[in-house]
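As given in Swiss-Prot:
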{"type": "BINDING", "residues": "Gly46, Ile47, Ser48, Gly49, Gly50, Gln51, Asp52, Ser53, Thr160, Lys189, Thr211", "note": "ATP binding site"}
{"type": "BINDING", "residues": "Asp52, Glu165", "note": "Mg(2+) binding site"}
{"type": "BINDING", "residues": "Arg140, Lys173, Asp180, His260, Lys261", "note": "deamido-NAD(+) binding site"}
Amino acid sequence: MTLQQQIIKALGAKPQINAEEEIRRSVDFLKSYLQTYPFIKSLVLGISGGQDSTLAGKLCQMAINELRQETGNESLQFIAVRLPYGVQADEQDCQDAIAFIQPDRVLTVNIKGAVLASEQALREAGIELSDFVRGNEKARERMKAQYSIAGMTSGVVVGTDHAAEAITGFFTKYGDGGTDINPLYRLNKRQGKQLLAALACPEHLYKKAPTADLEDDRPSLPDEVALGVTYDNIDDYLEGKNVPQQVARTIENWYLKTEHKRRPPITVFDDFWKK
């Protein structure tokens, strides 16, 4: 088995999908989880206005709507969390995503004050954060807020990780990567677009250039620039297609060096890290 085949198997990626079937699969997955653990009353998700959180948010609200109708349990809710750092550059996209999702509840937590306070406390301890590490601080502060909300609403935190993100480890460890349940896992980027199209999502929300937008020195830096490969390259690779050798090498290097992000903390029983 080639490394490409191993990666595809590990991430559960498929060369092609039926959008309606995958929507149903994700919604039923979320419903089944909530029914298995009836003490869970809410799904909590940060909404950025980008493709992934828009899709995950819509699926969450669909699951909650169906469960309420089927069970009569009105205590179930989906909580969409706005998490700007100061003023969000693509504020209108976020508002458009909220309008599309129609969440039961929308909360806004501006993380800038908390991030700056943490940075100042570290500075006083003799640690000066780089712009890149400050970006990770933002991602972790966002997740901290979501877990606080989940803790106070008997909820779980929903993630947006998918195969095209997981393969490169393009998420912050214990930031946006630290979630309870990931309904998009297995899909690549173009497949996520297919689901949103089937759900009649406004096109600009999934045709915009993806960006983590964590670095102050490089605001709105496109993911594809940071990764050195395009999502079309990554999706082709995940679909088992032949890609240029340099592209495959870049993707596989990302996969191998970020393996620790896709695993729980390393113990004496692990050997994946040994060379």
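Residue positions begin at 1 at the first shown residue.
Cβ atoms here come from the backbone N, Cα and C positions, even for glycine.
The shown structure was predicted, so the numbers you read here are calculated from the model rather than taken from an experiment.
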**Request:** Report the member of Gly46, Gly50 (the binding-site residues) whose C-beta atom has the most other C-beta atoms within 10 angstroms.
**Result:** Gly46
**Item:** Distance from Gly50 (ATP binding site) back to Asp180 (deamido-NAD(+) binding site), taken between C-alpha atoms, in Å
**Value:** 20
**Request:** Could you measure between Lys261 (deamido-NAD(+) binding site) and Glu165 (Mg(2+) binding site) for me? Cα positions, answer in whole angstrom.
**Result:** 11
**Request:** Could you find out if DSSP has Thr211 (ATP binding site) as helix, strand or coil?
**Result:** strand
**Complete:** Sequence-ordered list of residues in the chain of Asp52 (ATP binding site) that lie 6 or more positions away and have a Cβ within less than 8 Å of its Cβ, or none, is Thr160, His162, Glu165, Leu184, Gly192, Pro210
**Message:** So the record assigns Gly46, Ile47, Ser48, Gly49, Gly50, Gln51, Asp52, Ser53, Thr160, Lys189, Thr211 to ATP. If I measure every Cα pair among those residues, what is the longest distance in angstrom, as a whole number?
**Reply:** 19
**Request:** Consider the binding-site residues Gly46, Ser48, Gly50, Thr211 and say which one has the Cα lying nearest the Cα of Arg140 (deamido-NAD(+) binding site).
**Result:** Gly46
**Asked** Are there any residues in the same chain, six or more apart in sequence, whose C-beta is under 8 angstroms from the C-beta of Thr211 (ATP binding site), and if so which?
**Response** Gly50, Ser220, Leu221, Pro222, Asp223
**Message:** Below 8 Å Cβ to Cβ and six or more residues apart, same chain only. Which residues does that give for Lys173 (deamido-NAD(+) binding site)?
**Reply:** Asn136, His260, Lys261
**Message:** Validating a neighbour-count step here. Other CB atoms within 10 A of the CB of Lys261 (deamido-NAD(+) binding site): how many?
**Reply:** 16
**Message:** If you count CB neighbours within 10 Å, which one among the binding-site residues Arg140, His260 has the smallest count?
**Reply:** His260
